[in-house]
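K.L.:
Shown below is the structure under consideration.
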Amino acid sequence: MVFAEECCHDRGSLLSVCGDSWFILGAMIALHHRGLHRLDIRDGNPKESSPFINSSTASDMEKSQHYDGKNMALFEDEMDTSPMVSSLLSSLANYSNLPTGSKEHEEAENNEEGARPSKKTIKAPQLGTLMGVYLPCIQNIFGVILFLRMTWMVGIGGVLGSFIIVFMCCSTTMLTAISMSAIATNGVVPAGGSYYMISRSLGPEFGGAVGICFYLGTTFAGAMYILGCIEILLIYIVPQAAIFKIEGLEGAEAEAALLNNMRVYGTIVLSFMSLVVFVGVKYVNKLALVFLACVIFSILAVYAGVIKTAVDPPVFPLGSTMLTECPLWTHRYRVCILGNRTLLSKSYDVCAKVVEIDNDTVTTQLWRTFCDSESLNATCDEYFTNNNITEIQGIPGVTSGILAENLFGYYLEKGVILEKRGLASVADEDGPSPTSNRYVMADITSFFTLLVGIYFPSVTGIMAGSNRSGDLRDAQKSIPIGTIAAITTTSTVCILHNMSCVVLFGACIEGVVLRDKFGEGVNGNLVIGTLAWPSPWVIVIGSFFSTCGAGLQSLTGAPRLLQAISRDGIIPFLRVFGHGKANGEPTWALLLTASICEIGIIIASLDAVAPILSMFFLMCYMFVNLACALQTLLRTPNWRPRFKFYHWALSFLGMTLCLSLMFICSWHYAIIAMLIATCIYKYIEFCGAEKEWGDGIRGISLSAARFALMRLEEGPPHTKNWRPQILVLVSVDGEQNVEQPRLLSLTNQLKAGKGLTIVGTSVVGTFLNNYADAQRADQSLRKLMETERVKGFSQVVISSNLRDGTSHLVQVGGLGGLKHNTILVSWPHNWKQPESHQRLKDFVEVVRETTVASLALLVPKNIASYPSNGERFTEGHIDMWWIVHDGGMLMLLPFLLRQHKVWRKCKMRIFTVAQMDDNSIQMKKDLITFLYHLRIDAVVEVVEMHDSDVSAYTYEKTLVMEQRSQILKQMHLTKNEMEREIQSITDVSRGSIRRKNPTGLRPPQLGDEGASMAERPEEKLHLIHTKNSGPTGPTSPITPAGGTDKGGETDRGQAAAAKPEEGKDIFNMKPNQFNLRRMHTALRLNEVILKKSKEAKLVLLNMPGPPKNRMGDENYMEFLEVLTEGLNRVLLVRGGGREMRKHSTSMRVRLPVIVVVTQLVIVVLFAFFVTYDDQTDAKLQSNGTVAMDNALYKDYPFLTDIQVMIFVGFGCLLAFYRQYGFGGLVFNFLTATFAIQWAILVQGYFQFSHDGKIHLGVINIINAEVACAVVLISSGAVLGKTSPLQLLIMALLEVPVFAGTEWAVLTYLKINDAGGTILVHLFACYFGLGVTFVLYRPGLKDGHAKESTSYQSDILAAIGTLFLWVFWPSFNSVLALKGDDQHRAVLHTFIGLSASTLTAFALSTMLNRSGKLTMADVQNVTLAGGVTVGASVDMMISPAGAYALGMMGGAACMLGYRYLSPFLARRLRIQDQCGIHNLHGLTGLISSTAGICAILAASEEVYGPSMYETFANRAPVEGDPKLLELREQIPGLQPGLGRTAWEQAVYQVAALLFTIVVSAIGGIITGLVLKLPYLGSPPDELCFDDDLFFEVPHNHEALTLLSNKCTIEDSAA
């Protein structure tokens, strides 16, 4: 069965499995049982005349003749679909077990090219295990890193660190090889082996994404090997061949020259290698053995040399190169050290400052390098003079004990001199920086993760053979054998060689030599070559050929991988690269590979390329392990690998190691690689993945679905997990087309809640006869679902009638626990027409069934008028008429609809009905609270319906309804049916009377309509159509007026309608009181709904329950018709009882959880990372310490002033709303306390951390309080509209963004901003505006009833203003330089505040039409001057300038409140609650401009020499003679950046723009986080109200009630 699909084209024959005799016997038995006795057996061949029913036809006769004599008569009818085994065996013999897809692809290509002229077939190379797999793997693993970077890695990372790196990488490779071998032995792996392994296991999307990444990795690996080849050539073999000369250059120039040489020669070598690969892979294989032999000799030479060092440690021949003829083993290799610094070997001839020649002291080349002449009296470098020359052994040998010194890592920054541990050195701190032409320096900054990224390519290569699987004779055999053999060999090398090399290098070679990457301290020799015996050339040549061979293997494998991906067709634009030469060589793919490889050549740095390809290799290895683990865990029947030594746990461990190494190597490279793979994945998913290969991801989906369904069976879902899972009942016409397509449009608009969607219909007929109709109906449903973008399932049932079919759908729809909970069915059109009577009955039955099954029901009326998915409502309302609560479905639907673009701009209104004795004010308040609990924003209105008499119109309409029902019944019921119905009603009624009167007492008498049937048998025919035994729907009581026995009257009252006996006139009957009351209710409700919701885009209404008695169906429909009359779009809703749950908004759980968790985190961080600073640590104090010099006495007064501003000033100022005083004051207290704690850690990390600790002092707390002020200013934009949890989260996110921005601006832009205008006020302003932009509330665009002040709240806010006004000078001056700068800051702040205060009073009265002061102006505008002078507060702007700035700030702030704030709210959706843009944004921009002007105007004539203290960045740079002159006047003046005034101004502008952009983006992101529902954002109606979060006094409750009442009266007016 597994192979049937592959071989279905071999039809028409069958193999006799057990011999003719068995088939003869079987045929005889079969014929005997079928009663066919005429069996002719000749020559062992049974023949029968006519064993089949239709064998007389010509085709069957031909078939019979065709199979005649083949013993297959019993199966000849099935030969068209089931081939004979004989034809199958040929395919089985050539079975490839390609997971379905690859072979079909090849066959499709052949079919497409069928008409092309035949070409001469050229066979592709057929390689064996050794040449095709083993050697490529070995060559890639014994690559460039082993020879060029292993010694350097040991020197930098230490023996222990390097051992860990090697162990991790080798373990990852070995685990991946095990997984790959299992996959490779599960069938043949064709060309592009690794790609096929992943794609056929994880699907085309994963296969393509990872295949492309692995292709890029293999391509960059080729670039890395070529760069290694060029590095060996130009540095160690023929350095004279360099085109760009390096001699005489140093630093960046020398580095650029080396890179340019690498680029030129790399391009040449790449072109040559590409030509070799283009000629044919067989030439690559011929060179492979030669290259591998050189590699093996090189490794053996290293071990031989290590053994030799134990006997006779080598010495570098000074003054010569490795090409000299001197015997290498007769000299001692030595390194020259100055102090503890390693000297370049080219900078000396003798390792000494002077030498004695003929009793004369002669200076050496080293002397001339460091001194200005050869004379002994010459002026020399101070470090050279103060330190001695030491000559040490470069390779002391295994027995030297150097291992202990090299045990731990020694990581270096770029440009740092290589220093010998343990040697004394006299540092020259003031001397010039050392140059690279004297010392050996680190060329890159090194760290552990860098070493991992550089080393990992040395253990890759395990897939070099699988990539060439198309060239193998037997890939299924060769890949696992060759790969495992290669991996076994190389793993042994990893363990015995690489790890032993780590230890032996650390034990044999001096640390400074190990860290000397290019051997610059040892005459430019390859360090590992010094260990080789008999000659270092063995290593040099071996490594050169190793890199050449590995490069060729990469350029051979990568194009084949790309060709395989292209031929699969999953990435359309790559299909051109699937073509190649006649023998299959990938010509176009090779061209692209060479082009991409050139990118790596242009990078030109082996250390930069290695981490890139490590990412791609690791990603591929990770998915190979994942594929093996998935196939093993899923236990798919097709998973039968011949390689048995695998386990899912090993694969999972390998996958985990790969993922870990990706982020260890380089987290940003890992993220980029994943993003690339994700983009490719989504692209293939979007337009390329047309293949279905039965991949493991689909298997996971099936297993996960099964597991989820089984879990759902464990119990009913919790209420909070409820979501509408809709069964849409549609009808189809005679052509099987859907009659109500807009039902699916509505379904799509409702599916914001996701969940299950089933679209079902019923076809009348039998399964055998109407199966084709059902299939057409199913296709019609699927097509319409695709058109309307409804994601779900279609279901068609065939039944003898539509009623039963619909019932079957309701009962059996869904699977297991994943069943529908909501029915969507259209209102029956023209139900009053006689021909639609059955449709009416079917509809009411659906209502009954959903009620019994506790399913929600949605009935859209006038479905044709509902909007399509392409329409948009730009305005309007969705009105909910909430009459009864039956589970909350009515509340949920508008929310779901408004998630769709059709209804998004519609507003929600909720109407509820109050009776005469209801407190409508309290009802509205309770409903607002309830909606807040449900987190639904809607306008609430309570409609009062007073009792009134039944109108004549109602009486007449009820009578007409009953008469019509009587006529319809007479048309549809036979006499016998009438009698049976009457008898059943009578029996039910009598039973009800007996239950109500168990003692046998006679029930009380009723009126004419309510008389007992037992007492008035002559009227029993009048009861048929209005009898409704049992409880009624929730909207209408059923007890008749004037009745006494409630229970008895109910049954009798419902049975009081009169149906005339034979001969009685039906038009003389009286309406039933029960129906009359229902009609009265329907008319009254309809009247109110039309009044309020006539223009609504959609009206949602509770749907009354159906009558229990089927005789009242017409009346029920009439009630619904009257209820919805005159409304365009109505959605009748019946809930199932479990739709929504009232969520508590109590902070009892949420706030403690957040606070406790954050406090625990802060405590842990304080414990591990915070310590005392020098002014606080007792251990650092001594008898000489002067207590009054402690920073406490200088900074603590500022600390107390700022604390008063934050906790008293801000707190009181934010309490200006009349019903939000507690919130403004207390939440300010909560937020400020948390923000200060958090800022101590975050700002401490950026500004006060060293030695891994944050050093805490008073200045830290001052800076943290400045950050806290930023948070409090920002929170003013959302005052009253956020919960305390949202404020805490806002502080949690804003503090790191602020601290990072502050650090970046002060570290890199280095601006002047003593008063914090840019970094505090502008940052806080635009961060807060970003938050409030995201949290925009359309319901508040016209204001809020509680968004007002009171006499007391304004006084409290004014007190806060006074505190801020008084202490603002301390805030502006705290971070200024001590002395005159701080003095000026205090003066300018006071002057600015004074000016803005007077301006505020003047403009407030002038702009107020009544000429009175406005408290909001007094509370805010008076503070504007403190912000306006901030950027220039410590500069010489003059008192008049400060005064002018104060006036400008006050005017801008005042005009902003009057005109700009309304504009922002109306046009830009920015609801700035406290006007922070006016007080901090506009004034901050003015202040920044003034600061820039002050910087441009600053000069030494105005400031004197102290200008370079105020503007520290304008001070001369170190070494400038002017700096020395200034230090004579200002001792201790620090060097600056030498900026001009214009340069400093440009940096000020850059900082301004950078701060605004970062703060706005940070605010927007924070706003998105604050929208999370768990954080409990208050609804519009409960904004600015302390009732939500506080226990408020009773008088406040009374005030709130009065306010609500006034609001309602105002809205009514």
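The backbone N, Cα and C atoms fix where each Cβ goes, glycine too.
Values in this document were obtained by computation on a predicted structure and should not be read as measured data.
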K.L.:
Quick one: sort out which of 12-32, 1251-1271 is the transmembrane segment according to TrEMBL.
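P.N.:
In TrEMBL, the transmembrane segment feature sits at 12-32.
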K.L.:
Below 8 angstroms Cβ to Cβ, which residues of this chain, lying six or more residues outside the transmembrane segment (1318-1336), approach it?
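P.N.:
Same-chain contacts beyond the ends: 1266, 1269-1271, 1273-1278, 1281-1282, 1290, 1294, 1297-1298, 1301-1302, 1305-1306, 1311, 1427, 1430-1431, 1468-1473, 1476-1477, 1480-1481, 1483-1485, 1487-1488, 1548, 1551-1552, 1555-1556, 1558-1568, 1570-1571, 1577.
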K.L.:
May I ask which of the stretches 223-244, 264-281, 612-633, 1388-1408 has the most CB pairs under 8 A with the transmembrane segment (160-183)?
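P.N.:
Of the candidates 223-244, 264-281, 612-633, 1388-1408, 612-633 scores highest.
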K.L.:
So what's near the transmembrane segment (264-281) in sequence-distant terms, Cβ-Cβ under 8 Å and 6+ beyond its ends?
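P.N.:
Counting only partners 6 or more residues beyond its ends, the transmembrane segment (264-281) has Cβ contacts under 8 Å with 125, 127, 222-223, 226-227, 229-230, 233-234, 241, 243-244, 287, 468, 471, 548, 551-552, 555-556, 559, 585, 587, 590, 593-594, 597-598, 601, 604.
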K.L.:
Can you give the mean pLDDT for the domain 'Amino acid permease/ SLC12A' (440-727), rounded to a whole number?
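P.N.:
The answer is 78, the mean pLDDT of the model over that range.
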K.L.:
Take the transmembrane segment (223-244) and find every residue of the same chain, 6 or more past its ends, with a Cβ under 8 Å from one of its Cβ atoms.
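P.N.:
Residues packing against the transmembrane segment (223-244) from afar: 143-145, 147-148, 256-258, 260-262, 264-266, 269-270, 273, 322, 457, 518-519, 524-526, 529, 540, 543-544, 547-548, 550-551, 554, 597-601, 603-606, 609-610, 613.
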K.L.:
For the transmembrane segment (1481-1499), find every same-chain residue at least 6 residues outside the stretch whose CB is under 8 Å from a CB in it, and list them.
P.N.:
1312-1313, 1315, 1317-1318, 1321-1322, 1325-1326, 1329, 1424, 1427-1432, 1435-1437, 1441, 1445, 1448-1449, 1452-1453, 1456, 1460, 1507, 1510-1511, 1514, 1541-1542, 1544-1545, 1548-1549, 1552
K.L.:
Mind checking which residues reach the transmembrane segment (612-633)? Cβ under 8 Å, same chain, six or more beyond either end.
P.N.:
172-173, 175-176, 178-180, 182-183, 186, 194, 197-198, 201-202, 206, 210, 213-214, 216-218, 220-221, 224, 452-454, 456-457, 460, 463, 600, 639, 646-648, 651-652, 654-655, 658-659, 661-662, 665-666, 669-670, 672-674, 677, 696-697, 699-700
